[in-house]
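Lifted from Swiss-Prot, the feature list:
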type: TOPO_DOM; residues: 1-47; note: topological domain 'Extracellular'
type: CARBOHYD; residues: ASN7; note: N-linked glycosylation site
type: CARBOHYD; residues: ASN23; note: N-linked glycosylation site
type: TRANSMEM; residues: 48-74; note: transmembrane segment
type: TOPO_DOM; residues: 75-83; note: topological domain 'Cytoplasmic'
type: TRANSMEM; residues: 84-104; note: transmembrane segment
type: TOPO_DOM; residues: 105-119; note: topological domain 'Extracellular'
type: DISULFID; residues: CYS118-CYS197; note: disulfide bond
type: TRANSMEM; residues: 120-141; note: transmembrane segment
type: TOPO_DOM; residues: 142-159; note: topological domain 'Cytoplasmic'
type: TRANSMEM; residues: 160-180; note: transmembrane segment
type: TOPO_DOM; residues: 181-211; note: topological domain 'Extracellular'
type: TRANSMEM; residues: 212-238; note: transmembrane segment
type: TOPO_DOM; residues: 239-254; note: topological domain 'Cytoplasmic'
type: TRANSMEM; residues: 255-279; note: transmembrane segment
type: TOPO_DOM; residues: 280-303; note: topological domain 'Extracellular'
type: TRANSMEM; residues: 304-321; note: transmembrane segment
type: TOPO_DOM; residues: 322-374; note: topological domain 'Cytoplasmic'
Amino acid sequence: MSGESMNFSDVFDSSEDYFVSVNTSYYSVDSEMLLCSLQEVRQFSRLFVPIAYSLICVFGLLGNILVVITFAFYKKARSMTDVYLLNMAIADILFVLTLPFWAVSHATGAWVFSNATCKLLKGIYAINFNCGMLLLTCISMDRYIAIVQATKSFRLRSRTLPRSKIICLVVWGLSVIISSSTFVFNQKYNTQGSDVCEPKYQTVSEPIRWKLLMLGLELLFGFFIPLMFMIFCYTFIVKTLVQAQNSKRHKAIRVIIAVVLVFLACQIPHNMVLLVTAANLGKMNRSCQSEKLIGYTKTVTEVLAFLHCCLNPVLYAFIGQKFRNYFLKILKDLWCVRRKYKSSGFSCAGRYSENISRQTSETADNDNASSFTM
């Protein structure tokens with residue numbers, strides 16, 4: 001073999017050029033190392049990602065802030081599911097606030113911020129993903145108790161509702177623990193003449209095995225185990241709804257199912273690409289063309305994964321009737337405050353009190369249902 005041999009301890013990233021081994025003749029086992037340039041992938045990422053991240057940041061921040069404001073104005077109407085959805089909105093807000101940094105990094109082709117910022121932003125993404133999956137698991141279990149275990153629902157949920165804040169704190173804590181490897185291994189370092197913010201495992205023995213181990217643990221606890229819980233819960237939920245033929249129950253669960261499906265549709269493609277990338281680590285016979293394809297796919301699916309941050313508020317607005325009503329009330333109240341007084345003569349305060357009174361009356365009709373999913 002001519003040329004330099006590949007170091008199997010290196011953990012390749014799809015944005016870096018590397019050497020591939022190709023046969024020099026059909027009958028010869030000799031091969032030579034050729035440089036696989038991923039400049040096309042980097043150029044595509046430099047143009048596509050900043051625009052996509054900017055749009056996701058604007059719409060995600062606006063939508064999730066409105067969700068938090070809506071919950072804040074109508075906090076008496078919360079159920080356990082509402083508390084989980086509120087925490088998911090907070091996680092999404094924290095996440096989209098990091099996107100401008102990544103947009104700048106892709107646009108400039110280098111990580112221009114500090115090493116501490118690199119670790120922090122990478123960690124926030126991992127925590128957001130794991131927290132979202134665990135909260136969706138909690139939502140699924142809450143809906144399972146409310147619908148499948150209807151006879152026990154009131155007793156169980158009435159005991160658990162006051163503890164919803166503790167449950168959310170546990171979820172956040174587990175998310176931090178699951179994502180701890182992200183804070184440890186991600187760092188700013190120089191490669192091919194520019195600084196990057198990527199995982200670096202060269203400080204440990206057998207870095208490829210370490211990367212596979214960390215990736216496996218994150219996927220296991222942050223994706224596959226929650227997914228199994230959701231499949232179990234929603235299988236019995238759908239079975240119960242089909243048997244009940246209750247349109248009101250169908251409306252109550254519709255928004256939750258939509259949120260789960262959208263989240264999985266956004267996250268599964270990118271995680272499958274990461275699995276393929278991990279499976280290719282250390283292989284000598286990696287095709288340059290296939291690596292370019294993986295690079296393009298990773299860029300697009302990553303944007304798709306981030307897109308869920310601004311899709312959840314849209315789902316609430318178009319599917320959740322009570323959320324839509326509450327949101328419209330807030331808009332009317334804000335408009336009323338701006339105008340101070342309507343031509344009819346009654347004040348904004350009176351109108352707001354009327355809205356609150358109506359909201360409280362509506363909530364009393366169904367204390368056990370999620371106010372944002374009916």
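Even glycines carry a Cβ here, placed using N, Cα and C.
Beyond its flanks by at least six residues, the transmembrane segment (120-141) meets 80-81, 84-85, 87-88, 91-92, 94-95, 98, 101-102, 167-168, 171-172, 174-176, 178-179, 182-183, 186, 197, 218, 221-223, 226-227, 229-230, 233-234, 237, 256, 259-260, 263, 267, 305, 308 of its own chain at Cβ-Cβ distances under 8 Å. Counting Cβ pairs under 8 Å to the transmembrane segment (160-180), the stretch among 212-238, 255-279, 304-321 with the most such contacts is 212-238. For the transmembrane segment (212-238), the list of distant contacts is 126, 129-130, 133-134, 136-137, 140-141, 143-144, 147-148, 174-175, 178-179, 181-182, 185, 199, 253, 257, 260, 264, 267, 271, 274-275, 278, 281: same-chain residues at least six beyond its ends, Cβ to Cβ under 8 Å. In three-state terms derived from DSSP, CYS197 (disulfide bond) belongs to an extended strand segment. Using a Cβ-Cβ cut-off under 8 Å and counting only residues 6 or more beyond its ends in the same chain, the transmembrane segment (48-74) has close neighbours at 82, 85-86, 89-90, 92-93, 95-97, 99-100, 102-104, 106-107, 299-300, 303, 306-307, 309-310, 312-314, 316, 323, 326-327, 329-330, 359, 371.
As a summary of secondary structure, the topological domain 'Extracellular' (105-119) carries 9 helix, 0 strand, 6 coil according to DSSP. Tertiary proximity for the topological domain 'Extracellular' (105-119) is limited to same-chain residues at least six positions away from its ends with a CB under 8 Å from its CB atoms, namely 42, 45-46, 49-50, 53, 182-183, 186-188, 194-197. Over all protein chains present, the Cβ of CYS197 (disulfide bond) has 23 other Cβ atoms lying within 10 Å. Applying DSSP to the topological domain 'Extracellular' (280-303) sorts its residues as follows: 16 helix, 0 strand, 8 coil.
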